[in-house]
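The transmembrane segment annotation in TrEMBL covers 12-29, 38-57, 77-96, 108-131, 158-183, 204-221, 227-248, 268-286, 292-310.
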Amino acid sequence: MTFFIPGTDPRLWATITMVFFYGINLFGIRHYGHIQTAMLAVLIFSILVLVIPGLFAVDLSYYDPMLPKGFNGLLKAMPMLFFSYAGFETLAQVAGETKNPTKTLPMIFVKGVLASVFIFFFMAFVAFGVLPADTLAQSQSAMADASAVYLPPWGSNIVAIGAMSAFLTSINGSILVPSRMLFVFSEDRLLPTFLAAIHPKWRTPHVSLIISGIICTGLVWSKSAYFLMSTGLIGIFIIYIIQGLALIAMPTINKPLYESAGFKPPVWVLYLLGGITVLSMGFFMAQIIADVFLWTLGGVFLGTLVYFLGRSAGKKEGFDYEACMAKDFQLVEQETV
């Protein structure tokens, strides 16, 4: 919005956006899907407006040298790229609200990632081919500024709206995931039970949504955009490290789940992919953790405390954790049959 209304505080617009999308998610997954589809249509149209004319305006001299900051500069920039793909986490988190998830979600995931790589490549190729890298780095609206080189003002406005849609689709997905995670953990008695409360009318986890909304909105008003990005990335990297370790351990610790998988690569492939995931995520986390170390430490401590409180309460209630895992496994088996 600062592209259209310069001088305004971006945190204000971020807060309005957060409140709006939390409201959408509060009213149900159907409304979420409609809004997401509409924004995706706007995004695709704006990408076509940006890329197709832009390919004819690219000046290859801007790519000499290919890595102006060297290979180390590339490594430092790579962690930020994970935000572009973090939205795909929503696919796994909404499996319980998806028809036949074990068959539909993997294919959607693969096609979505490949399409995103294709789109991001051409967007970056055009942007860095029409403006110097230093100019783009200082821009508050890089895609709109790049399109202004070869498009009339109305074209730049379309691209700016598309860039907003790209952020909004990611925000919308990022809002959905934490609330569902809190709900599932609470339902499995790994967190306090009140987090699993369902709204009687809208049938959504309203308590989890409200809590995650308060946390996210509070973070918007704290420190800098780089701090927010680093905090979010640390969370993403920790999740991926845990997933990598789970991938390595699954054939041994949970052999029935591995044997029932519809897509079952050899064990050595799981070890290789899991090891690469753990090492690469650990490396990227080391690049930025110094800036948010205390916040990360505090978050891990608080999360661990809440986890043990929830599990302790579950044991007092006589909750059978092994039976819960067995039930989840049976559901997976039914989906794969």
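In case you wondered, yes, glycine gets a Cβ from its N, Cα and C as well.
Automated prediction, rather than curation, is the source of TrEMBL annotations.
Keep in mind the model is a prediction, meaning the values are calculated, not measured.
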Inset, instruction - Take a look at 38-57, 158-183, 204-221, 292-310 and tell me which one has the most Cβ pairs under 8 Å to the transmembrane segment (227-248). - result: 292-310
Inset, instruction - For the transmembrane segment (204-221) and the transmembrane segment (38-57), decide whether they are in contact, meaning at least 3 CB pairs lie under 8 A, counting pairs 6 or more apart in sequence. - result: no
Inset, instruction - May I ask which of the stretches 38-57, 108-131, 268-286, 292-310 has the most CB pairs under 8 A with the transmembrane segment (158-183)? - result: 38-57
